[in-house]
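> TrEMBL lists these features:
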type	residues	note
DOMAIN	37-151	domain 'PurM-like N-terminal'
BINDING	ASP39, ASP85, ASP226	Mg(2+) 3 binding site
BINDING	ASP39, THR54, ASP85	Mg(2+) 4 binding site
BINDING	THR55, ASP56, ASN133	Mg(2+) 1 binding site
BINDING	ASP56, ASP85	Mg(2+) 2 binding site
BINDING	HIS63, GLU279, TYR336	substrate binding site
BINDING	TYR115, GLY132, ASN133, ARG159, SER228	ATP binding site
DOMAIN	163-319	domain 'PurM-like C-terminal'
BINDING	ASP229	Mg(2+) 5 binding site
Amino acid sequence: MHGRVIRVGDMGEFALIDRLQRFLQAPSGSQVVKSIGDDCAVLQPSPESELILTTDSQEEGVHYRLDWCAPEDIGWRCLAINVSDIAAMAGWPLGAVVALSLPPELDVAFVDGLYTGMQELARDMACPIIGGNMTKTTGRVSVTITVLGEVPKGQAIYRSGARPGDEIWVTGTLGGAKAGLEALLQPDAVAGLPASHALMCYRRPQPRLHEAQFLRQRATLHSLLDLSDGLSGDLRHICQASGVGAQIEADAVPIHDETRRIAHALQADPLSFALHGGEDFELCFTAPPTQIDPIRGDFDQQFHRSLVRVGTIRKGKEVTLKQPDGSETVLPARGYDHFRPAEG
Ligand SMILES: Nc1ncnc2c1ncn2[C@@H]1O[C@H](COP(=O)(O)OP(=O)(O)O)[C@@H](O)[C@H]1O
Ligand SMILES: Cc1ncc(C[n+]2csc(CCOP(=O)(O)OP(=O)(O)O)c2C)c(N)n1
Ligand SMILES: [Mg+2]
């Protein structure tokens, strides 16, 4: 009747759940006592740890578009941004539950793709998917994931611990996801330019889970978060939670060459992509001077990406941007806000 397309509405809720089980076979990890198939999943955290819990939604049209991303990318992304929050506490995940809202006319092959991508990341991050929920929607696809994690007692790293004199560090490069997003929004303007790095940043963000473990074990960090809204907005979260100010050095902010070229092709400022773009999901942390320099080489070698010092925590509450010529201006918090119109 519908050719080869099987729609969610034709298959029905329970057949679809049964179908998903094959993506979620035998979650490994001794912490999973009971997985998909009962009223709750059961997890066994270790006695020396604290539990950490996070949830985030990814909405069609707000976080991804079905014509921009393969279903596998969307599945990856939905889980990645949640695991990234666990990394942002320097913990590790125990398991995830996935709440789907699906329009009945959606092709079941999309759901298969979603779970294939999600499982790829779940394996990489040892974060078993142990259940979820499914509902019809009269709107668009929505995926809400909740991840339970753990961290050794007393060792979670909060946004609130930054102190004047701390160095501010980030992992990797910033602005890539914004460059990818803009390349998808304005394909003609970037035609012919390499964009594979930028598109990967946008479609397949990498939670810096192992990186955060390394940092917690090898150095004293005072504060830590993941960069979801953009450095300008997220650093302000650290500053407000810690009651401090900060200075960012414009020429220290790490930006990938591809991001620079895409920004230039769009007559945009690459630094603005890096500061305000959001969705890079790199780590931003503060640490007392001398903590990070000795471990930078090992970090580079282990993760093939750099730790870059981008500024300093100061007294007060202002967040400023220092230009290479020494001039200093207040850095506006133009990070992403769901309910405020986007700026340049
Ligand atoms: N609807 C809500 N009800 C209660 N708490 C919320 C709600 N939305 C966000 N929060 C809380 O606000 C804080 C910041 O949220 P958010 O900016 O989404 O963080 P993140 O970038 O880590 O996802 C978190 O502690 C989160 O749990
Ligand atoms: C179609 C589309 N338009 C715009 C964006 C850009 N965008 C959407 S949400 C967001 C910020 C991060 O998302 P949020 O839900 O606030 O994550 P959280 O801070 O809660 O982790 C950005 C930059 C996008 N990813 N996709
Ligand atoms: Mg959130």
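Residue numbering: from 1, along the chain as shown.
Placement of Cβ uses the backbone N, Cα and C atoms for every residue, glycine included.
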> Just to be sure I understand, if DSSP states are collapsed into helix, strand and coil, how many residues of the domain 'PurM-like N-terminal' (37-151) fall in each?
34 helix, 46 strand, 35 coil
> Ranked by the number of other Cβ atoms within 10 Å of their own Cβ, which of the binding-site residues ASP39, ASP85, ASP226, GLU279 ranks first?
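Going through ASP39, ASP85, ASP226, GLU279 one by one, the largest Cβ count within 10 Å is at ASP226.
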> Tell me, which binding-site residues from THR55, ARG159, SER228, ASP229 are within 10 Å of TYR336 (substrate binding site) if we use the C-alpha atoms?
SER228, ASP229
> Just to be sure I understand: of THR54, THR55, GLU279, which binding-site residues have a C-alpha no more than 10 angstroms from the C-alpha of SER228 (ATP binding site)?
GLU279
> Taking only the Cα atoms, work out how far ASN133 (Mg(2+) 1 binding site) lies from ASP39 (Mg(2+) 3 binding site), in Å, as a whole number.
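If we compare the Cα positions of ASN133 (Mg(2+) 1 binding site) and ASP39 (Mg(2+) 3 binding site), the gap is 10 Å.
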> Based on DSSP, name the secondary structure state of TYR336 (substrate binding site): helix, strand or coil.
coil
> Test of understanding: give the count of other CB atoms lying within 10 angstroms of the CB of ASP229 (Mg(2+) 5 binding site).
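Around the Cβ of ASP229 (Mg(2+) 5 binding site), 23 other Cβ atoms lie within 10 Å.
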> Show, in sequence order, which residues other than HIS63, GLU279, TYR336 on the same chain lie with their Cβ within 8 Å of the centre of the Cβ atoms of the substrate site.
VAL62, ALA177, SER228, ASP229, GLY278
> For the ATP site made of TYR115, GLY132, ASN133, ARG159, SER228, how many Å separate the two farthest Cα atoms?
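Farthest Cα pair among residues binding ATP: 32 Å.
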> Sequence order is fine: just name those binding-site residues in HIS63, ASP85, TYR115, ASP226, ASP229, GLU279 with a Cα within 10 angstroms of THR55 (Mg(2+) 1 binding site).
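Taking HIS63, ASP85, TYR115, ASP226, ASP229, GLU279 one by one, the ones whose Cα falls within 10 Å of THR55 (Mg(2+) 1 binding site) are ASP85.
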